[in-house]
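Novice: Let me give you the structure first, and then I'll get to my questions.
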């Protein structure tokens, strides 16, 4: 170890300076453990959000500006603040969303455009999108292209909007024709057409109101220009780059952090080597994109961190005669930029390796990660699924390694990786640089990667391949080769035997077949290999090489003596994916009612959300003396608790208390419907993640550390880990079986009425809510503990009030829950947030101190439940013409370890199991399975989508049996006006046929079918498919008493109105619609109406904000209150004409008129009796239909949605812009459910995962749709002239109905697979489980590569 004197001589500094939004900050010593995000939020800059903590969602995006040491220019980058150590931005200027613009000083054009374009719903992700776009503009020398804009947003996730309005909003900054953005732009257009500013062509993304006025889809902004140090070229309020930082020389830093952590930032290579000599186990970091995750999520402790980001020798990019030298600390974004330039400047034959790396980097993480992640960091992490390491190995790259004495040695990349995350570096060595040689003539390098999601995802299998061809005796011979795979072994694995086989062989079909045979034997995957998907990974090994063979043949096409010609139909196998710019339209009519109802108003909180000023629960400033809570959770799926040892936790830093079941003042048993859950487990645990206790400490991190120190001994018991196991064990929740019947199913089957009878099973996977805002509750006592109040992120404040009062033994009148807004819910915050409030209430009450709990993303996903997986067993009888006569259906759902809402979800699945089809004889039985998983819960659609998906599966199978199109089978069986459903309700005001015909016409279904048939005929390995699917969604809570709503309306003497109601704003625009109803009721501007928060002491006994019914119910309750006030005002208003509403209100006040009213609404004419199985559970139905076209890669299972057309009947929309946003967001979320998002649990299907544990518990493993998953063409329209007589202002509910329409993508995928299978003469029915992931798509596309891997009945594994 060196002495303090030596450190001083090295030029050390303990003063760390950063600028944040133009303000100079001196960071004190002791913060090395903090991330930039934690620091920003601690100083009150809460616009930067914590969404996942692993750099996967982009909610924490900020911009950093600094002087690049190589170019000596100021550069601007978007980064993830959740991963960046706070000291890593020393000497930089950090801009957060607060520094871009705000309501008081004015919005930046980026913020203003996103707000105006309806690009913010819940708003939690919005600051991250703002900062990604802002950073792109600041770093662009000229207006960015649309492709650059979409690429810059790939690292940001949104769960609400469906991305289209975000892309549209930002596209204005890529414009090339200013005239398109002015009101004059439409003068020269054809009458009735709108000119789109994105394309300059006529489009329908504008709308026509009833008075035919036009609304342009974008506002006028001028091009954005680049400035190194400031943004005055496009915004006068832009922060300049601090002059101090321009002239300041970066000092050597030696700082510390929690638990003895040491942080160093050397500025010279020798200093790095000296530190390595003194601390052999030091961890080098540049962007901390991997180390941050290791320390935060994997809990790996590194006592010494050395930032090498500013070492000149490690940041060099030198272009030499023999190749490119790349410093180990070079950022991936910088590498990509240089490689692109080199590929332009040098001969094409020299840069095959460069182009391969560029293509691989396109799909490597998001922009924020590439801006900080380094070449050396990625190499030395030695991940077996590294995207770049197979390329370094195959391209003959050489690694320069330096030791602490300054000695440099060189090794081939191929020999550098020694084992799982082990590399050829001694304790005194580090990676200095990478040398990438130029390619020789006829040397071809190609990259491959297949992941669950195309962009920003880890690979399932990847590869780098290279061959060198030389002409010998008029034949092209392989003189050198390298074939390297990732994702098939503990290290990136070169196929040595394949290389040996290829050498000296002629490049022809015989070589191909021989190489494939060698690969099968050389790359072996064991059945129990971590990661699973063994058959899929085996198929990718072969498919990648086949693609490579074809690609090389294409590169050689035209060369003399090269005889291998690729059949035209095979070219699709190697066509590069080029995503076109998003195109879309939104069509609706405006039916105004009063001053505001019917207008496409912007979300009331949009301005607050784009500036980061919108306050969420985790943003609330903590009261003095506050503590933080962390849960003690079960690690076993089923076990008896033997002992609990909390002694180590009690001695943990910052510890303030630990609480178990014995400490509960009231009742430990809770539950939303049936009391079957323990707040704290007592004797037994029944799932991994069950709450055993709660620890409170002075900080969030200290609370988590203490909770991990609680040791629980278990006696393990048998666990039930799937629906199939539950059925076999007869494991069902008590009194949870339901049945309904219409006609006589058995008689129909046995009487010979049916020409055909089919039987089958449908497996439907679950889905994580992935709301961007994790569960959060802040709870405190008042009046010496006599009262309890809380602020919670919940869809059901009344449930929080009820749970807390129950657990504490207090009357509900002494407990208040408030919710201002939540960052997405989708059903996941309806009941599963309440048990958290109950657990945290115990220490808050007993200690009489404020307590806050915010779940980390992995814990949130692990313990709070998901959409229910379902198993459906059907038997269907039908006629030769396709008319369905009988349906016998058994449904099972996976409830988990408590009943929660699972029975109600099963009931709705049963209600919707006919979808839109008239079936004379129906019998449905439903059973709710008890399993040893965390309790599953409500999710958008509430069981309806699962029931409808099962129905569409047997509809599709009938079409296969009868060799006709599914659309024909659907039409033959449509319900219509007067149809009586299997539960006795009569169809009224049915618009199904009308909107179906409109969609058939607008999508040109017949033409589309012919076009894909032609495409599929000429393309062997790419196939397209189409599908058109209808939906009918019942609107009401199926539990009658929940269909009630209250509201409080107060009119003030200045003419403004305050509305409070029982619904929660979670991005769906509820507050905006309700405010519009109030504004129209009083005929005042929308700006005169304000909705503050939802609070149980203002409106009592509210139902959860769910079932798509909130606008109907709370809108009607508010209207009722407004009408009461207007009735009281009428005697005054009738006496004279008042010049303003304010004048009228003042007159009423002087006459002592009550200007406050409580409104109430109950949904009329509904009710259902499960004893008879008959009734009217729904007030009305929302109808819709969608058309989708997809293209799949049959060799990899990759797919993209080329087009989606959606139409819904929403009556006369209260706010068509908000409704369109709900449709788009619901559709994209549904697309995730049917095609992307897969939950993987530790069960018999996934034995490599610990029993009962959730593998997919964060954005790293669980992939929701990103901006690149939007359909290329996304058209949404609302049915015109279809008023709904059964809801307020003739409107209809919108939240849940569009979700299921994404199943059109699923069935289009299946249509494409059918085409692929037909190439082999396979026209038989085959099952396809949801989600239709690349694995399921690929393994269903039978071909010569899968024949040797799987049998005809192979079924990819799924957790249900």
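Each residue, glycine too, has its Cβ placed from N, Cα and C.
TrEMBL feature annotations, pasted as is:
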ACT_SITE  1296  active site, proton acceptor
BINDING   52, 57, 60, 82  [2Fe-2S] cluster 1 binding site
BINDING   122, 125, 158, 160  [2Fe-2S] cluster 2 binding site
BINDING   364, 374, 375, 376, 377, 378, 387, 431, 449  FAD binding site
BINDING   795, 826, 940, 1107  Mo-molybdopterin binding site
BINDING   830, 908, 942, 1038  substrate binding site
DOMAIN    14-100  domain '2Fe-2S ferredoxin-type'
DOMAIN    256-441  domain 'FAD-binding PCMH-type'
Novice: Considering only the recorded positions 57, 125, 387, 1038, 1296, which residue has the minimal Cα-Cα separation from residue 940 (Mo-molybdopterin binding site)?
Specialist: 1296
Novice: Suppose the [2Fe-2S] cluster 2 site is 122, 125, 158, 160. Which further residues of the same chain have a Cβ inside 8 angstroms of that site's Cβ centroid?
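Specialist: Other same-chain residues near the [2Fe-2S] cluster 2 site: 120, 121, 123, 124, 126, 159, 161, 772, 823, 824, 1067, 1225.
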Novice: Which residue, of the binding-site residues 364, 826, 942, has its CB surrounded by the fewest other CB atoms within 10 A?
Specialist: 364
Novice: Give me the long-range Cβ neighbours of residue 158 ([2Fe-2S] cluster 2 binding site): same chain, 6+ apart, Cβ under 8 Å, in sequence order.
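Specialist: 125, 129, 166, 772 - these are the non-local Cβ neighbours of residue 158 ([2Fe-2S] cluster 2 binding site), listed in sequence order.
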Novice: Taking only same-chain residues 6+ apart in sequence, whose CB is under 8 Å from that of residue 375 (FAD binding site), what do you get?
Specialist: 326, 327, 328, 329, 330, 332, 335, 388, 434
Novice: Hey, for the [2Fe-2S] cluster 1 site built from 52, 57, 60, 82, who else sits with CB inside 8 A of the CB center?
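Specialist: Near the [2Fe-2S] cluster 1 site, the remaining chain residues are 37, 49, 50, 51, 53, 54, 55, 56, 58, 59, 80, 128, 857, 1259.
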Novice: Take the domain '2Fe-2S ferredoxin-type' (14-100) and count its residues per DSSP category (helix H/G/I, strand E/B, coil), listing them in that order.
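Specialist: The composition, in the requested order, is 15 helix, 29 strand, 43 coil.
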Novice: Cα distance, residue 830 (substrate binding site) to residue 795 (Mo-molybdopterin binding site), nearest Å?
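Specialist: Between the alpha carbons of residue 795 (Mo-molybdopterin binding site) and residue 830 (substrate binding site) there are 5 Å.
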Novice: Relative to the Cα of residue 377 (FAD binding site), which of the binding-site residues 908, 1038, 1107 has the closest Cα?
Specialist: 1107
Novice: Roughly where does the domain '2Fe-2S ferredoxin-type' (14-100) sit in mean pLDDT, to the nearest integer?
Specialist: 95
Novice: How far is it from residue 387 (FAD binding site) to residue 942 (substrate binding site), counting Cα to Cα, in Å?
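Specialist: Answer for this pair: 39 Å between alpha carbons.
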Novice: Using the recorded Mo-molybdopterin site (795, 826, 940, 1107) as reference, state which further residues of the same chain have their Cβ within 8 Å of the centre of those residues' Cβ atoms, listed in sequence order.
Specialist: 825, 827, 828, 830, 938, 939, 942, 1105, 1106, 1108, 1295, 1296
Novice: I'd like to confirm something. Which of the binding-site residues, 52, 122, 160, 449, 1107, has a Cα closest to the Cα of residue 942 (substrate binding site)?
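Specialist: Result: the closest of the binding-site residues to residue 942 (substrate binding site) is 1107.
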Novice: Under 8 Å Cβ-Cβ from residue 122 ([2Fe-2S] cluster 2 binding site), six or more apart in the same chain: what's there?
Specialist: 159, 160, 771, 772, 773, 821, 822, 823, 824, 1066, 1067
Novice: When a 10 Å sphere is centred on the Cβ of residue 125 ([2Fe-2S] cluster 2 binding site), how many other Cβ atoms does it contain?
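Specialist: Around residue 125 ([2Fe-2S] cluster 2 binding site), other Cβ atoms within 10 Å: 29.
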Novice: Reported as an integer number of Å, what is the Cα distance between residue 830 (substrate binding site) and residue 82 ([2Fe-2S] cluster 1 binding site)?
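Specialist: Here the two Cα atoms are 28 Å apart.
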Novice: Please give me the binding-site residues out of 60, 449, 826 that lie within 10 Å of the residue listed as 'active site, proton acceptor', comparing Cα atoms only.
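Specialist: For the residue listed as 'active site, proton acceptor', the binding-site residues whose Cα atoms are within 10 Å come to 826.
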Novice: Nearest to residue 52 ([2Fe-2S] cluster 1 binding site) by Cα, among 364, 449, 908, 1038, 1107 (binding-site residues)?
Specialist: 364
Novice: From the Cα of residue 364 (FAD binding site) across to the Cα of residue 60 ([2Fe-2S] cluster 1 binding site), what is the distance in angstrom?
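Specialist: Rounded to a whole number, the Cα-Cα distance is 19 Å.
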Novice: Determine which residues of this chain, when 830, 908, 942, 1038 are set aside, have a Cβ within 8 Å of the centroid of the substrate site's Cβ atoms, and list them as they appear in the sequence.
Specialist: 901, 904, 905, 907, 938, 943, 944, 1037, 1106, 1107
Novice: Pick out which of the binding-site residues 795, 1038 has the most other Cβ atoms within 10 Å of its own Cβ.
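Specialist: Result for the most crowded candidate: 795.
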